[in-house]
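Participant: I have a structure here, written as structure tokens, and I will follow up with some questions on it.
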Amino acid sequence: MDLVQKQKSLQDYTKSLFLEGILDSQFLQLQQLQDESNPDFVSQVVTLFFQDSDRILNDLSLSLDQQVVDFKKVDPHVHQLKGSSSSIGAQRVKNACVVFRSFCEQQNVEACHRCLQQVKQEYYLVKNRLETLFKLEQQIVASGGMIPAVELGF
């Protein structure tokens, strides 16, 4: 695949992430903060999000598996995950966290377990898709190209 095809492929792939609701405009704002002085800014921020999210999801699993669930511990974790996913534009993770928090407020253990599975599913989806996006970007840079701006236009 030549450079122009790689760039077009990246643009199409990125658009699909927005069309599927996986990412929202916050991700574009994050990309705008990246420049020549810090070319890995977005991938660094997203990597930190992945590390924090893995820890939070593990903590949530442990908390919900307790004999007596302490929702005063569960809710702050969900709130933190909602905030961090919102800050990188991981829209579907954020939306799943909103539902999760409502069940925390109701102290509905069964529904919280289902929500945790949904959050994990959305998280692993966005993680996989962003890792693919970054690989495409790396291939373009390795070929001597520039990362093209994405015009969503929808």
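Cβ coordinates come from backbone N, Cα and C, glycine included.
OK, Swiss-Prot features for this one:
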- 38-143: domain 'HPt' (DOMAIN)
- MET1: N-acetylmethionine (MOD_RES)
- HIS79: phosphohistidine (MOD_RES)
Participant: If you measure MET1 (N-acetylmethionine) to the residue listed as 'phosphohistidine' at Cα, how many Å is it?
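Facilitator: Between the Cα atoms of MET1 (N-acetylmethionine) and the residue listed as 'phosphohistidine', the distance comes to 43 Å.
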Participant: Would you count the other CB atoms within 10 A of the CB of MET1 (N-acetylmethionine), including those on all shown protein chains?
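Facilitator: 10, counting other Cβ atoms within 10 Å of MET1 (N-acetylmethionine).
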Participant: Taking every residue in the domain 'HPt' (38-143), what is their average pLDDT?
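Facilitator: Across the domain 'HPt' (38-143), the average pLDDT comes out at 97.
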